[in-house]
Amino acid sequence: MADAFGDELFSVFEDDSTSAAGAKKDKEKEKWKGPPGSADKAGKRLDTKLQSESASGGKNKRDLDVEGTDEPIFGKKPRIEDSINEDLSLADLMPRVKVQSVETVEGCTHEVALPADEDYIPLKPRVGKAAKEYPFILDAFQREAIQCVDNNQSVLVSAHTSAGKTVCAEYAIALALREKQRVIFTSPIKALSNQKYREMYEEFQDVGLMTGDVTINPTASCLVMTTEILRSMLYRGSEVMREVAWVIFDEIHYMRDSERGVVWEETIILLPDNVHYVFLSATIPNARQFAEWICHLHKQPCHVIYTDYRPTPLQHYIFPAGGDGLHLVVDENGDFREDNFNTAMQVLRDAGDLAKGDQKGRKGGTKGPSNVFKIVKMIMERNFQPVIIFSFSKKDCEAYALQMTKLDFNTDEEKKMVEEVFNNAIDCLSDEDKKLPQVEHVLPLLKRGIGIHHGGLLPILKETIEILFSEGLIKALFATETFAMGINMPARTVLFTNARKYDGKDFRWISSGEYIQMSGRAGRRGMDDRGIVILMVDEKMSPTIGKQLLKGSADPLNSAFHLTYNMVLNLLRVEEINPEYMLEKSFYQFQHYRAIPGVVEKVKNSEEQYNKIVIPNEENVVIYYKIRQQLAKLGKEIEEYIHKPKYCLPFLQPGRLVKVKNEGDDFGWGVVVNFSKKSNVKPNSGELDPLYVVEVLLRCSKESLKNSATEAAKPAKPDEKGEMQVVPVLVHLLSAISTVRLYIPKDLRPVDNRQSVLKSIQEVQRRFPDGVPLLDPIDDMGIQDQGLKKVIQKVEAFEHRMYSHPLHNDPNLETVYTLCERKAQIALDIKSAKRELKKARTVLQMDELKCRKRVLRRLGFATSSDVIEMKGRVACEISSADELLLTEMMFNGLFNDLSSEQATALLSCFVFQENSSEMPKLTEQLAGPLRQMQECAKRIAKVSAEAKLEIDEETYLSSFKPHLMDVVYTWATGATFAHICKMTDVFEGSIIRCMRRLEELLRQMCQAAKAIGNTELENKFAEGITKIKRDIVFAASLYL
C-alpha cells in the first residue's frame, strides 16, 4: 500500500464519500465544553454549538485549506539503507583517533589517545637517573605523568587545585634543560606569569620572561610567557620556535573563557607537530575529548592522567542567614546529608523576612553584614584560620573587611613583620604615591591580619598582600573569585558570603564548577587534616539546587572559538596555512564532529522503530490524526483569547472552579481564592499584558510541600490523599474556567477547612458525569472579537469532519490513534536528527568567515583573491584592540592633527573595559576626536551589515568606552596619580590596568606606523608611551 505519511492535510477534504450530507448533527446543543484541545482521546467532548450546514461548506473550505500544516507530518517512508550510506561518507569526516586505557593504581585514571593506525606501545620505565629528584614521595598521578614525559609523550594532567600538578611541569622543564632543548611555559595572565617566573627562576636559573609588559632574558632555555605572546611568535615565524621541544600550558581550562579562550586554541593549532605538550588543568569531565583533539591535530599520542583525589578532604557547611550555627551538608567522604540541608533551610524559613534579600540576591535587613562578622569571629575562636572570604563584587570585599575593624588576629611580633614587608614593598614608590588613600588605608588592616584582594587594588598592594598571605601574616583575606585562579595560595577555610552572583546579565546561583574552583582553596596539604568550606545562604534553595551546587561536577572544557579579524588577516599573510584550515582544525569543530556517530546511531534506531510500527488502514488513520492535530492547534488559539486579562479577570472571583495545567503537571480542578498583578515585570521585558497571578486552592502532593516554596508544588498522585494548598498560578496555566462557583471558608489556614473544599469539588464532578460545564467564550464571556469567531467556525468545520469520519466511533480508535501519534513523533525525531547531521557535517562558522572576508575586501584590507593589502599588513600588527577601526583611523589621517596626549587619550577608549556610572564631561579637544572615531566606527558597522555580518551598530559603538579619556589625558600631561584618582569613580587598580593595556596598544601602534613608513606618527605614539609610563602606574612587579 502507498505510504500515507506523505499526504498534506488538505487531503482530508477530498474524501467526499462521507460528505456534509451525512453530518452527525444529532449532538445536543449544550454548554461550551472547552476548546477542542481539551478533548479526551476519543474526541467525545468536541461538540461545540454546531452551526448550520454551511459551516463545513464552500465558504470555509478555503479557510481550512490555508490552515493546513506547512509540511507533511510524516516524510517519505525512511529506508535504513539511506542512513547507512550516510554513515559511509561520514568515515572521511571523523577524526581518526582511538583511546586505550592504561592500567594504574586506584584514585587515578590513565588513558591515551592514539592515531587510529598506531598500536599502543606501553610506556618504558626510566633508564638511568631522573631529570629531577623530589624530596617527597610522589602521588600516583604525578608518577604516571612523569613517566609519560620520560617517554617523550604529550600528557594532560587534570587534578584539583593544590593537588601538585606543577611537579609534572617542573619535571618536563628539567628534562628539556638536561637534553639541551628549549621549553616554553605559558600561563593565562601576566600576574601568574610573573609568579611562575619567580618559582622557575629559583629552581632552574636559565629562565626568561616575556609578557608584553616585561622581557627578561629572552634567550634563556626556559621561557615563561603569556599565551598571547606565544601566538604572535608563531604568526611571526620566530626563530625560537625551531628549538622548542616542550610547551607547557598552565590552567588549560581557561580555554573556555569566552573572550580570550580562542587564543589558546589558535596557539595549539599553530604549534608544529614535533613539539610535545604538558597541559595542566583543573578537573574537567571531558579531559579525554581534549586529548583526542590533540592527537587528531598533531598526529601524536596524548595521555590523560585524571584524578579526583584531594590530599586534604573537605567538609562543606551551610550557614543560613538569621541562624547562628553551621550545618554540615557534605562530609569529608563526599556524602550529601539531606536532613541537615533541610534543617538549614527550615532555619532560613523561620528567620523569615529578616533574612530575605531583595530580588537581586543582596542581603536584606540588618543581619547581613553581622553574619560575616559572626562567622569570621567563630572561625578564629575555633582556630580554623587562615580563611579566604569570597565575595562577588569589589565593593562587598571592602565593606566586609571594614566591618572587621574591631578584630585583631596578629601578635605584636607579626605586626612588626607586616610593617617591614609592607614598607620594603612600597619603597620603590615616590613619596607622593606612598600617601595615596588606598596605600594608607590598607596598612592598619594588614597589621591586624586582615587583607583585601580584588582587581581594583593597586597591583603593588595586591602582590604585597599575596606575599603576606603566603607567609601566614594574613589570617582573613577578603577576595573576589579572581584569587581562585592559578596562584597556589591555599587556606584552611573558605567562606562564601553569598551563593548568588551577578554575571553581567543577571543574578544567578554560582555554578558547581565555580564552587569547585573556589572551594578548592580550602585545606593545606601536609598542614590540615581537612579543609572547611562554609556557604552563606540568604535565600531559600531547593535540595536539588543545593546538591547540584555542592556535589555537582566541574564545568566541561567547551571551546569558545570565534573568528577575529586579526586571526583572519594573519592567516592570509602566512603562506602555509589559511583561515579555513584554522576553522576545520579547531576544538570547536572537533567537538561537533564527535557528536556525529551518536546522531547517526539515533537516526538508525528511530528509522528501525518507525518501520516496525504497522497501522491497519494507515491512510485513513493519518487523515483522522491530522484533523485532531488541527483541532488541538485551534484549541490553543481559543485558549489564548480566553486568557487575555480583559476577558477572564471578571470571572476569576473567589470560589470559581478552574482547571490548572502546566507543562508536566496536571492539577485538575481547583478553586480560585484571589488574583493579583505580578509586580516585578520589567517595563521593557517584551511582555505586553502585565502578568496576573491567580491564587488557586489545589490538591498537591505532601512531599512537594515539605521543603520548598508553594511555587514548586506538584499535583497529588491518583492513589494519594494529598493536601489542599493555595498555589500561585499564572493566568495562562488555567486550561479551563467553569460556570460553577463554590462557597469557600473565610479562613483557609486550618487544614480541615481546606480539605472541605476538596469534598465540594468532588461533589461537582459527580453531578456532571459528562464533564463540568465551562464558560462559553462568546455567550458567557462576551468576547466579540472577529478573530475568535473565525477560529470557532474553523473548529466547527473540523469537528464536523471528525464526527463524520468512519474512525470516530471505531472501537479500536484508541489503539490505532496512539500508534499513529507515536509514529508521527518518530518522524519528527528523524527529521531533526537529520538536520543535526547536516549541521555537524558543515564546517561551522564558514559563512561568518565569508562575511568577514567580504568586509576586508570592501575596506581594502585584502583583494578578491585573498591576497593581503598594505592596510591588512598594518592591521596584523594590532592584536590588543579593534584592528579594523584603528587601521581605518590611521589611513584616514585621524591621528595626524592630534597631539601625543590627545592620541593617547583617544586610544584609551579601546582598552578600558569596565563599567563606570560617571560619563566624563569632555572638552572639545577630546570630544572632537571621539566623534570622528565614532563616525569611522559607524562606517565599519555599515559595511559589516552590508556584508551580511550580524552586527548591532549601537552595541558596537558602546564597546568603545570614553570613561577614562580625560583621566588618561591629564595623566599624560604630567598630573599626579592622586589627582587623577579624584577625577573618576573607577578603582585605582582598574585605572592602572587600563594604562598598562594602553602602553601595550601604543607599542603595537608604533609597529603599525612603522609598517607604513610614517615616522611622524610612530614618534607620536612612542612619545605617548614615555608620557604615561611613569611612577606607580608602571611600578615593577615584586615577583621580578
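Note: Cβ is positioned from N, Cα and C throughout, glycine not excepted.
Look at Swiss-Prot and you will find A2 tagged as N-acetylalanine.
Annotation comment: Swiss-Prot describes 16-77 as region 'Disordered'.
Positions annotated as compositional bias 'Basic and acidic residues' by Swiss-Prot: 23-33 (among others).
As annotated by Swiss-Prot, SUMO2 cross-link applies to K24 (among others), with the evidence given as similarity to another entry.
If you look up Swiss-Prot, you'll see S38 marked as phosphoserine.
If you look up Swiss-Prot, you'll see 41-50 (among others) marked as compositional bias 'Basic and acidic residues'.
The annotation N6-acetyllysine is assigned in Swiss-Prot to K49 (among others) on the grounds of similarity to another entry.
Marked as N6-acetyllysine by Swiss-Prot on the basis of a large-scale study or a structure entry: K76 (among others).
What Swiss-Prot records for I137, A159, H160, T161, S162, A163, G164, K165, T166 is ATP binding site. Under DSSP, T166 (ATP binding site) is assigned to a helix (H, G or I) in the three-state scheme. Counted within 10 Å of its Cβ, the other Cβ atoms near T166 (ATP binding site) come to 18, all protein chains included.
The average per-residue pLDDT of the prediction over the domain 'Helicase ATP-binding' (146-302) is 90, rounded to a whole number. The domain 'Helicase ATP-binding' annotation in Swiss-Prot covers 146-302.
Under the heading motif 'DEIH box', Swiss-Prot lists 250-253.
Sequence annotations record features per position, and here Swiss-Prot assigns SUMO2 cross-link to K356 (among others).
Feature annotation from Swiss-Prot assigns domain 'Helicase C-terminal' to 403-575; the stated evidence is sequence analysis.
Here Swiss-Prot flags K682 (among others) as SUMO2 cross-link.
Over all protein chains present, the Cβ of K721 (SUMO2 cross-link) has 11 other Cβ atoms lying within 10 Å. K721 (SUMO2 cross-link) carries neither a helix nor a strand DSSP state and counts as coil. The SUMO2 cross-link annotation in Swiss-Prot covers K721 (among others) and is backed by similarity to another entry.
Within the chain, the motif 'DEIH box' (250-253) has long-range Cβ neighbours (under 8 A, six or more residues past its boundaries) at 156, 169, 185-188, 192, 196, 264, 279-282, 284, 290, 485-486, 555, 557. A separation of roughly 60 Å, to the nearest angstrom, links the Cα atoms of K721 (SUMO2 cross-link) and T166 (ATP binding site). Across I137, A159, H160, T161, S162, A163, G164, K165, T166, which the record gives as binding ATP, the greatest C-alpha separation is 19 Å. Of all the Cβ atoms in the protein chains shown, 18 others lie within 10 Å of the Cβ of G164 (ATP binding site).
Counted over every protein chain shown, other Cβ atoms within 10 Å are most numerous around H160 among the binding-site residues I137, H160.
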